[in-house]
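Student: Reproduced below are the annotations present in Swiss-Prot:
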TRANSMEM  38-58  transmembrane segment
TRANSMEM  75-95  transmembrane segment
TRANSMEM  106-126  transmembrane segment
TRANSMEM  136-156  transmembrane segment
TRANSMEM  181-201  transmembrane segment
TRANSMEM  217-237  transmembrane segment
TRANSMEM  241-261  transmembrane segment
Amino acid sequence: MFELFTALMLGILEGITEFLPVSSTGHLLIAEHWLGSRSDFFNIVIQAGAILAITFVFRKRVWSLATGLDKYSNRDYVMKLATAFLITAVVGLAVRKANWQLPETIQPIAWALIIGGIWILIAESVAKHLPERENVTWSVAIAVGLAQVVAGVFPGTSRSASTIFLAMLLGLSKRSAAAEFSFLVGIPTMFSASSYACFELFKRGELLHENWLEVSVAFVAAMLTGFAVVKWLLGYIKNHSFAPFAYYRIALGLVLLTWLT
């Protein structure tokens with residue numbers, strides 16, 4: 001029963017942190033440090049739950065882009081989404097081939113949380129002095145693609161933080177526009193990464209000993225929580241900055257470093 005409860009808690013944690021600029025991978029690694037580590041498949045599945053949630057949130061936007069390619073603005077936007085995704089895919093595969101491993105200790109995650117928090121504060125400070133723009137440029141698309149790889153390589157960085165705030169610094173200063181592009185790029189990116197990882201685990205026969213009840217509970221928890229969090233966040237950023245998330249990251253990082261010493 002305790003294992004089922006921890007699976008539920010990890011699913012909720014994934015749903016809360018996946019799309020907030022606080023790093024879901026970092027939080028999961030921290031939680032598993034105390035609750036016990038889970039299989040790669042478990043972590044992949046709960047991330048898939050969060051991805052499904054954001055796909056549902058943006059279903060109308062995705063449909064309008066897919067069915068409106070006769071409009072230049074839609075074609076241009078889709079091409080930039082595709083460019084960001086392809087950059088992530090190519091560079092990400094190269095990193096995977098190099099056998100990059102996630103850290104097994106908390107210290108690098110703590111530092112990534114602190115540095116990421118400072119990064120958010122800098123981006124917010126710079127962006128508020130820029131004219132409000134919501135058009136995605138090619139430089140933003142390329143940078144977002146690379147930022148996704150950085151976030152995957154360094155847990156604690158946060159995919160949403162690295163992509164949203166880099167986009168803001170490069171001129172996409174309207175928070176909602178930067179967040180939308182980040183989230184839409186994240187859909188194919190995370191679906192592809194999850195599918196590839198699942199296929200690799202299947203080939204190695206590592207799916208035979210999973211506790212499917214725990215996996216299912218965590219998946220549903222991540223999906224429902226993720227849906228609620230994204231809906232809340234999209235409303236929140238219309239009139240608020242991301243600064244509170246920055247302070248949270250810095251505080252958590254400092255607490256972890258203090259605990260480690």
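Backbone N, Cα and C define each Cβ position, glycine as well.
I would like each feature placed in context: is it buried or exposed, what are its neighbours, and how far apart are things?
Tutor: With a cut-off of 8 Å between Cβ atoms, the residues of this chain six or more beyond the transmembrane segment (38-58) that come close are 7, 10-11, 14-15, 18-19, 24, 28, 32, 180, 183-184, 186-187, 190-191, 194, 197-198, 201, 206-207, 210, 214-215, 218-227, 230-231, 234.
Residues 21-23, 26, 29-30, 33, 154-158, 161-162, 165-166, 168-169, 241-243, 245-250, 252-254, 256-257, 260 of the same chain sit 6 or more residues outside the transmembrane segment (106-126) yet have a Cβ under 8 Å from a Cβ within it.
Nonlocal intrachain contacts for the transmembrane segment (241-261), taken as residues 6+ away from its ends with a CB within less than 8 angstroms of a stretch CB, comprise 20-23, 30, 106-107, 109-114, 116-118, 120-121, 123-124, 128, 156, 161, 164-165, 175.
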